[in-house]
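Chemist: Features from TrEMBL:
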TRANSMEM  A:7-30  transmembrane segment
DOMAIN    A:68-293  domain 'ABC transmembrane type-1'
TRANSMEM  A:73-95  transmembrane segment
TRANSMEM  A:115-136  transmembrane segment
TRANSMEM  A:164-184  transmembrane segment
TRANSMEM  A:227-245  transmembrane segment
TRANSMEM  A:272-294  transmembrane segment
Amino acid sequence: MERLRKYGFVAGFLVVPLALYSVFVISPYVQAFQLSLTSWNGYSSIVRYVGLDNFGRLFDDEVFWQALRNHGIMLLVLPIATIVIALFLSFLLNLGGGTRGAGMSGVWGSKFYRVVFFFPQVLAVAVVGVLFQAVYRPDADGVINGVLARFGAEPVGWLTEPGLALWSIIAVMIWQGVGFYVVLFSAGMAAIPKDYFEAAALDGAGRVRLFFSITLPLLRDTIQVGWIYLGIAAFDGFALVQVLAGDKGEPDGATTILPVTIYKTAFAYNKVGYASAMGVALFFLTVTFAVLTLRTTRRERVEL
Amino acid sequence: MARNRPRPGVLNGLSHVALAVWALLIILPLLWTFLASFKNNTEIFGDPLQLPGALRLDSWGRAWDKAHIGQYMLNTVVVVFFGTAGTMLFGSMAAYVLARYTFVGNKLIYYYFVAGLAFPVFLALGPLFFVVKQFGLLNSHVGLVLVYIAYSLPFTVFFLAAFFRTLPQTVAEAAMIDGASHTRTFFQIMVPMARPGLISITIFNVLGQWNQYLLPLVLLAGDPDKWVLTQGIAKISTLAGYEADWPGLFAALSMTILPVMVVYIIFQRQIQSGLGSGALK
């Protein structure tokens, strides 16, 4: 009887979450893999299987390769820039005040900075996109260009020049992301025993030395987590690109990224099968990246 | 004064400069947006460093009524309220059972939920549209709420299962011996005990669902009256150009940013620690 009651309870608590999750999350994913083998257009009742044709087409698709190149740049620049800036800022916030009494301390005002730095993180990416449209306006009325004009510079087409557009978008991603990693790294730094810094400082190590010889090695795991998050973020960027560059038609494919291409292919060109194949490719790219990062960065843990 | 090395004043000064520069990079665009909402078109297209000539509030009224920010805000509040409430209810139920009961398939179901974390939403996009359509839930808030709940479950279950595992066994056992049912034990004993974890993940879900852009874009496309804030703002930014109502756009932006800012400043400690610990799990 008690056993039965227990199983009844377990089943009762699981049925709704399992049903919702299976219907709206798992079934679309499974269908996506299946649809990637078809030429379905989204409305006809006949679903024709074409085998791996879609994937073959991907190889010849210039847009797909352009998107991959852009993701490659983002994959290189976004994590490095974000992590370097965040590490630098959080080091200043937590340990930049030098040795004082019991140990290291942050600079004056670090509480205020921490609140401000994190703020972009709680803003919706779509809102950030609209905001930076004004910042990046190509004529002299843009916020940046207006400031530049004061120094006599010509207005720059931040989002319209093919060589510049992707970098402008990456800059916004860094602008928004740094605060989160400052918090993440600050938590990691707080976990390092204070006497490590004290001992090193007594031995005459300066702040630069403290950073490279103590903070950085002990923060390894946290940085690795950050690296994976940023790598996955480098395969996204949908809302930002859609809002910032979408209407203006992506100068020469300079800002073409897979998520936006998938969205367009499925809902504007009605090629659901082909879009699904792109989704499958995106999935394998993301997983490959995560696995590679975990494997190459795995080392002996530093024991505290 | 043996306890201190002579402090390099230059380095200290430089570190303040670096911190202040980054803070300004964040504050200035937001401040500019806020000020632009009081400007008129000529001022917006003039010198960007110029302050508004007068405190014009009419653009805020236009944004609220004519650009439907009021409507979008209400829609968002409703969807996020039910979305988060549902996520927390079903997520904590599933996490609790998976964390503290042994039964056949326990591990399997747990991994089934957590697997959802590995897939990019873009992969599901096309098929999801048709699944929701089949249920007749396209362009409806009910449909969006259910989808929000479903997509929030993997992380919520993952996070809360870890949390429920850390709670002591004895209190729940005592309650059961006193004759409380499993369900009662959960709602009256375990949920209050799990409060810190529940609050962190609630904040996480509120933020995530409030800021969601992609799912409403796909699922509410056909009915502009039902749109949520993020969609509305993206749309207004395209319209602002045609109608030449730039102050209205910036008023709309300010209106979406301000409530988030207020909530953030009140809860900043919980938000930062919640997102931080969630990320490191």
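Going from the start of the chain as shown, residues are counted 1 onward.
For all residues, glycine too, the Cβ spot is worked out from N, Cα and C.
Describe the structural context of these features.
Modeler: Non-local neighbours of the transmembrane segment (A:73-95) in the same chain are 104-107, 110, 113-114, 117, 166, 170, 173-174, 177-178, 181-182, 184-186, 189-190, 197, 207, 210-211, 215-216, 219, 223, 226-227, 230-231, 233-235, 237, 257, 289; each lies 6+ residues outside the stretch with a CB under 8 Å from one of its CB atoms.
Long-range neighbours of the transmembrane segment (A:164-184) within the same chain, counting only residues 6 or more positions beyond its ends whose Cβ lies under 8 Å from a Cβ of the stretch, are 70, 73-74, 77-78, 81-83, 85-87, 89-90, 93, 114, 117-121, 123, 125, 128-129, 132, 136, 156-158, 222, 225-226, 230, 233, 237, 240-241, 244-245, 250-251, 254-255.
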Chemist: Can you tell me which parts of the same chain pack against the transmembrane segment (A:272-294), counting only residues 6+ beyond its ends and a CB-CB cutoff under 8 A?
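Modeler: Distal contacts: 31-33, 35-42, 50, 54-55, 57-58, 64, 71, 75, 224, 227-228, 231-232, 235, 258-259, 261-263, 265-266.
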